[in-house]
Amino acid sequence: MMLYFFDPVYMMLAVLGYFVMLLLASTIAPKVASRVSGKFSLFTSMVLLAGMILAISAAIIYLILAYAGVYISFYGLIIFLLIINLLMYLLSPYIINLSYGAQRDERLQMVVNSVARRLNVKPPKAVVVRSPPNAFAYGNFLTGKFVAVSESLMRMLSQEELEAVIGHEIGHHKHRDNAVMLLFGLLPSVIFYLGYALLHSSMRDDRRGAQLAAIGIAAVIVSFIVQILVLAFSRLREYYADFEGVRATNKDAMQRSLAKIHLFYHRYPDYLAPIQDSKFRTLFIYAFTNAVAEPITRADIEALKNMKVSPIQEFLSTHPPLPKRLRFIESIRVF
């Protein structure tokens with residue numbers, strides 16, 4: 001990646017892409033979201049969004065292959081990105097275990113087993129980690145599945161609240177979110193680097209240079225649009241995991257657990273930095289979007305549900321903002 005730092009083409013594309021993302025997140029995305037909000041169920045929304053991501057990605061990749069011809073080793077790029085991401089997928093559980101000092105815990109395992117039975121899934125391995133209050137799910141077919149909970153979070157939550165958090169994390173395993181988001185996360189990268197390669201190719205082609213450059217720039221812009229859609233898809237998966245937390249316990253327990261974590265980081269902001277800077281922050285149950293309230297009582301939670309959310313913060317985040325999560329949990333009907 002250091003080579004790209006000195007590449008003016010790469011830097012130009014990166015700046016262009018981030019400008020596109022900010023424009024989408026601040027103007028277009030909120031308007032589109034407001035129009036479709038509430039019109040579809042959570043599952044239908046995920047299916048439609050996944051279909052849109054795949055359709056847009058397939059269309060731009062087909063366009064590049066159809067018009068770029070032999071200028072890009074497309075399959076070589078795909079294989080390279082797949083290998084890199086597969087290695088990260090396989091090695092990340094070992095890295096997480098070392099980074100956070102993960103240790104098996106029998107008491108936590110009993111809670112995980114109980115919640116897993118309610119959700120009709122095989123219980124993952126329960127580990128306690130050294131970190132500020134948080135929880136996350138990780139693992140693969142080699143290491144097995146893990147649910148990690150920090151010692152501080154275990155002390156902070158009641159038994160029922162802890163079960164709600166664990167239900168959320170088991171939900172990620174149940175929905176295969178790690179693998180799903182790995183695959184969807186590849187698409188923006190593939191499109192971006194195809195566009196980047198096309199722009200370089202255009203400089204060496206006097207006959208088709210302008211055409212290749214135009215397609216390359218379009219591909220880069222589309223890659224950031226797809227990235228916005230992938231982030232939206234990730235937020236829907238978080239809602240889906242919250243649904244499992246409610247199924248495992250109840251709405252109030254799920255809301256209280258999120259509110260307690262929220263309150264901790266508002267009172268002790270110094271603990272935010274190591275979580276926000278972590279390479280694994282997308283795994284955490286709590287993401288730090290618009291964290292300013294102090295929910296202690298039910299009235300505090302009700303007030304938090306009605307807080308305004310920054311569109312840019314929301315649309316550039318992998319997790320929904322807390323007010324929207326609380327409102328979603330309130331709307332859940334479990335049969």
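The count begins at 1 with the first shown residue.
Backbone N, Cα and C define each Cβ position, glycine as well.
Of the listed candidates (Glu238, Glu302, Glu314), Swiss-Prot assigns Glu238 to the same Zn(2+) site as His168, His172. Cβ neighbours of Glu238 (Zn(2+) binding site) (same chain, under 8 Å, six or more residues apart in sequence): Thr318, His319, Pro320, Arg325. Fewest Cβ neighbours within 10 Å among the binding-site residues His168, His172: that distinction goes to His172. Taken residue by residue with DSSP, His172 (Zn(2+) binding site) is part of a helix.
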